[in-house]
Amino acid sequence: MAERTHACGKVTVEAVGQTVQLKGWVQKRRDLGGLIFIDLRDRTGIVQVVFNPETSKEALEVAETIRSEYVLHVEGTVVERGEGAINDNMATGRIEVQATKVSVLNAAKTTPIIIADDTDASEDVRLKYRYLDLRRPVMFNTFKMRHDVTKTIRNFLDTEEFLEVETPILTKSTPEGARDYLVPSRVHDGEFYALPQSPQLFKQLLMVGGFERYYQVARCFRDEDLRADRQPEFTQIDIEASFLTQDEILDMMERMMTKVMKDAKGVEVSAPFPRMKYADAMARYGSDKPDTRFEMELTDLSEFAAGCGFKVFTSAVESGGQVKAINAKGAASKYSRKDIDALTEFVKVYGAKGLAWLKVEEDGLKGPIAKFFGEEDASVLMNTLEATAGDLLLFVADKKSVVADSLGALRLRLGKELELIDESKFNFLWVTDWPLLEYDEDADRYFAAHHPFTMPFREDVELLETAPEKARAQAYDLVLNGYELGGGSLRIYERDVQEKMFKALGFSQEEAQEQFGFLLEAFEYGTPPHGGIALGLDRLVMLLAGRTNLRDTIAFPKTASASCLLTEAPSPVAEAQLEELNLKLNVKEEK
C-alpha cells in the first residue's frame, strides 16, 4: 500500500498535474451516468474524486460498488475544475482528482446517523454511536480547539516556570463538597479509596514540599446531580503557586487567558479584566457569574417600596426581604399578557411567589398594579428605573436570595429573547471578595462557599469564632459570558487558622484530625503562603467552540443520568469480583 501523499483538505491548485495518494472516508457518491463523483473526507476536509472510464475502467468498476463511509485508498491526478464547476465554499473547490486506481480498505454498513455537521440524530443515538458522531467535522474541530487550548496553556505555564505534576487518582474520601465516587480496596477489607473531586490537598502539599509552582491537566470526579454543563468526570487546569499575592495570580491568569484567546480562537481580548465584588455582582445582576455582554441590571426599590401603596411590596420589606426590578427597554409591545404569564411561571421555579409588572405608555403606567401608585409614586418609580414609553417593568418582592435568583435568571432569559446579547463578544470578569461561609438552614450548619482551605481576610480570622457569616474569603472566580470558568483563592497555610476554619464548619477536633490530620501536621513544617486557581477545561472549550452542551467537548461523555450509552457503563459485575472484595449487594427495589 502506497503512502498517503496529501490530506484530502490540503489538495490545492498548487498540486495540479501531480499524482496523489489519498486515504479517507466516502462522504458522498454521485453517479452521473458514465461518470462517478465521490467526495473523499478525512479530518482536514473533503476533495472531489472523479471516476472516468477514459481514465481507468477498473477504477470505475470499483467505484460502482462503493457506498457512504467506505474507507478508500485513491491514486489519481490533480486537475483544475472547469469554470462552471468551481466551488468556492470548499478549500479544494478549484480542483478535483481524476482517479487512476482505487482500493477499498474497509466497507461500511449504512450508518445510524448522518455524518455531517447538520445531523438529524438524537443525542442518545449520537452518544451510542459516538465513534461515528466524532467523524462529523464540527466535532473534530471542537477537539482540535481543545488540543490548541491545552497546548497554549502548557506552553504559557512552562515559560512561567511551572512544573506539571500528577497527583493520585486513588485518594481519601473527605466529607466536604459533592459525593465521592468510592473504590473498594481488595487488600484492606471494608475500606475504600475515593476518586478525587479535585487535587486540592495534594497541590497544597506540593507547596509544602517546596515546588513553588505546579500545574496539572487534572481529571476530577464528582457524584452529583447533573446539568447541561456538568459531568461526573471532567478536566480542570489546576494551578498553584507559592509566594504570590492575589493580584499577581490574577495578572498571570489574565496573561494566560489572553494568549489562549489569541492562539486558539484568534480573538484579541484586553487585560486587565474587570473586577467586581461578590456583593456587587449579586446586587446588580442577581448572579455570582454575571453575563456583562448586555445591560438590564437589577434596581433595588426597597426604600421606595417601604412607603408605597402596594401592600405586597411593603410587607416584603417589613419582613426583612426586598423589592427589585428590571427594566426591559422597549419590550412592552413584545410581551402579551400570555407571555408575561409564562415569565411568571418561570420565576416561580426560582422560588418567587409571583411577578409584578407594568408597561410604560405615553400617558403613564399601565398594568394590574398601576392602580396602587399615585402620580408622585409613579414618577419616582419611572425616574428610579429610567423608564420611558415602551418599556416593560418587572418586579419581584421576596427574600433577598429569592429576588436575586429569580430576577437574575429572568434577566438572562430576556437578554436571549430580546436578542440583546452580542454573541461575538468574550467578556471576562473577576468576581472577588466572596463570603467565606454559607449557612444551610436545612443542615443547620455552615458550609465553605468555595472549600475549607480558603484563606479569610486577615482581619476576618477572628470572626470565624464570633460571627462566621461576616467573614470574607480571599477568593476569586473567573467568569466568561455568564459562565464560571473557574475559581481560586489564597489558601490557609497556618495550623491554628485551619483549625478555626474546621471548627466553624462544625468539625470536632477529633473529626478534623481523622480527616485532615496529615494536612494539619504538614502546616507545622514551614508552609509557605500560597494560592491558586482551577479552570474548567471542558467549559472553556465549550464557550470558545460555540457549543451549548458540555458533552460536545468530551470525547466519550456520560448522559444526564451518568451512564455511557456506548459501553453501557455502569454495569453489573460478576459475583466472583464482589467476593474478592468481600462485598455484598443490597439493591433497593424500586417502588
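Just so it is clear, glycine is given a Cβ too, placed from its N, Cα and C backbone atoms.
Bear in mind that the values here come from a model prediction, so they are computed numbers and not experimental data.
Annotation comment: Swiss-Prot describes GLY84 as site 'Important for tRNA non-discrimination', evidence class sequence analysis. In the three-state DSSP reading, GLY84 (site 'Important for tRNA non-discrimination') counts as helix. Within 10 Å of the C-beta atom of GLY84 (site 'Important for tRNA non-discrimination') sit 5 other C-beta atoms, taking all shown protein chains into account.
Note: ARG222 (L-aspartate binding site) has non-local neighbours GLY177, ALA178, ARG179, TYR181, GLN197, PRO232, PHE234, i.e. same-chain residues 6+ apart with C-beta under 8 A of its own C-beta. ARG222 (L-aspartate binding site) carries neither a helix nor a strand DSSP state and counts as coil. Under the heading L-aspartate binding site, Swiss-Prot lists GLU176, ARG222, HIS450, ARG491, citing sequence analysis as support.
Same-chain residues lying 6+ beyond the ends of the region 'Aspartate' (200-203) with a Cβ under 8 Å from its Cβ atoms: 167-168, 171, 214, 216, 238, 240, 451, 453, 516, 519, 532. What Swiss-Prot lists as region 'Aspartate' is 200-203, and the listing cites sequence analysis.
Annotated ATP binding site per Swiss-Prot: ARG222, ASP223, GLU224, GLN231, GLU484, GLY536, LEU537, ASP538, ARG539, in sequence order, evidence recorded as sequence analysis. The Cβ neighbour count for LEU537 (ATP binding site), using a 10 Å radius over every protein chain in view, is 23. DSSP classifies LEU537 (ATP binding site) as helix under the three-state reduction.
Between the CA atoms of GLU224 (ATP binding site) and GLY84 (site 'Important for tRNA non-discrimination') there is a gap of 57 Å, rounded to the nearest whole number. With respect to HIS450 (L-aspartate binding site), the closest of these recorded positions in Cα terms is GLU484, chosen from GLY84, GLU484, LEU537, ARG539. Looking only at the recorded positions GLY84, GLU484, LEU537, ARG539, the one with its C-alpha closest to ARG491 (L-aspartate binding site) is GLU484. For the pair formed by GLU484 (ATP binding site) and GLY84 (site 'Important for tRNA non-discrimination'), distance between Cα atoms is given as 50 Å, rounded to the nearest Å.
This prediction places the mean pLDDT of the region 'Aspartate' (200-203) at 97. Neighbours of ARG491 (L-aspartate binding site), defined as other CB atoms within 10 A of its CB across all chains, total 22.
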